[in-house]
């Protein structure tokens, strides 16, 4: 009898949405291999005798692999999610595994373009990890999308620091072993978790303790961020022996395993209340009462919006549906008598399931995407140029800012999800309002870099890291609310294109050219605008990169990005104005229930 109950508990644990969530956190902890490129690029450069220009091309291939996820989105809709994870693991293993064989001279060296293809393939594997994790957990927690997306993207952003600490245990003089770890580690984790990370009907597993569980996870995230920051500072300032590094890493693994307490406690602990059920998808804004969703998509009364008084939209959700139902009944009767024309509906409305093609013709989608390009793109430009920015302002220890912005990026993702959830749940206000606030915070961060005041880099990395991280918690959650969950994988992978699009404009076309111009001005000591092509050619021929000193190096770039962050915030507020009724329908009912 006891054995039978234990087996039932194990089955319940396997089907627990909290187990899926914790497993997705572990998966995401290995899904940020792109953040380790700065550590493996010296190995590639030295082993293959690349110059900086060739290495930059490999870096572009890495960025493209990290962002281009069209095939990922399509496969995640066609294949089972476990098969998609397997594909991602294989891509990661093949891409970086082959690179490891090349840099260790186990196989013949390939041309530069082939190395770029391998890096693209290897990094593209992590898009499968990201997509499967987000699709599974957003479906399992449909009314907690902000915290779920924020936490998962936070772990992905922190994975570089986690993997670096794990590699420190190996302490191998052969730095190519880091490439081997990047090739094998994520692949093994992906295969090990491919039958756990999946939708499990989590909308039927709502418990009163879910709020406390999320608070517990947030506490673990803060502890993890503080611990990694402390470990990095200690290992940077003093010599640390191998046993101490091993102890640091064991404690890291223990912190990562702490959230596993939640599904264990929910399954094997006392069950005081039966799980409730929450809505998996938002209700359509003008759904015909008494009809199935399929039937309501077939016809729409053309006069409904004209006849509906404007004050109806301001009523509570239950009263609003009642008034609309009464109006629909009258119009249906009129339609039967021939007084009102009934027309077929052209595509879904906000809050329903869109395909990617349907979303791409909607103004709401482009408002969200363009604001993402401006905000996220400007943040990533700072991250990519952080070394040059800190050096130009006179800081010698540049890698401390890289570590700091990684931590703030993580906290921004976690905090962005949490704060945006408060906005939609406690105030029933559109989630993009929180994104606009974070974009204004980034505006201040860019201004600090432009001014170059003492200590400004510490403040700017804090503000820009938080703002950049918040984008990756708020934007995917917003897209799932406005355009549905059914094709969320394709929508999410299109949104990730904002990163390379933003860096192409801000970093390649603006920041680098202005930096080279100012560096040339300082070298020549005059004020004549040089030919940029000759500047680059001379720099490459001399083998010495141009260097610029002073706040002038990134002043114009930072002011441009600051202004565009303000524009992004304005676009978000326009989206808030356009979608407030959708959020009232989606969260108004649950909010009023919580108040009672």
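Even glycines carry a Cβ here, placed using N, Cα and C.
Here TrEMBL flags 17-264 as domain 'Nodulin-like'. Feature annotation from TrEMBL assigns domain 'NFD4 C-terminal' to 356-521. Summarising the annotation, TrEMBL assigns region 'Disordered' to 277-298. TrEMBL lists 82-103, 109-129, 150-170, 176-196, 216-238, 244-268, 365-383, 398-420, 432-451, 457-479, 491-511, 554-577 with the feature transmembrane segment.
Taking Cβ pairs closer than 8 Å, the transmembrane segment (244-268) reaches residues 9, 12-13, 16, 18-19, 21-22, 25-26, 29, 162, 165-166, 168-169, 171, 207, 209, 213, 216-217, 220, 223-224, 227-228, 231, 235 in its own chain, all 6 or more past its ends. Counting only same-chain residues 6+ beyond the ends of the transmembrane segment (82-103), those with a CB under 8 A from a CB of the stretch are 33, 43-44, 47-48, 65, 72, 75-76, 109-110, 115, 118-129, 131-132, 176, 179-180, 182-184, 186-188, 190-191, 193-195, 197-198. Within the chain carrying the transmembrane segment (365-383), a Cβ under 8 angstroms from the stretch's Cβ atoms is held by residues 359, 389, 405, 409, 432, 435, 438-439, 442, 445-446, 449, 460, 464-465, 467-468, 471-472, 475, 478-479, 482-483, 494-495, 498-499, 501-503, 505-507, 511, 557, 561, 564-565, 567-569, 571-572, 574-575, 578, all 6 or more beyond its ends. Residues 134, 138, 145-146, 148-150, 153-154, 157, 365, 368, 372, 375-376, 379-380, 382-383, 386, 389-390, 393, 395, 401, 404-417, 419-420, 430-432, 434-435, 438-439, 441-442, 444-446, 448-449, 488, 491-492, 495, 565 of the same chain sit 6 or more residues outside the transmembrane segment (457-479) yet have a Cβ under 8 Å from a Cβ within it. At the 8 Å Cβ cutoff, the transmembrane segment (216-238) and the transmembrane segment (150-170) share at least 3 close pairs (sequence separation 6 or more) and count as touching.
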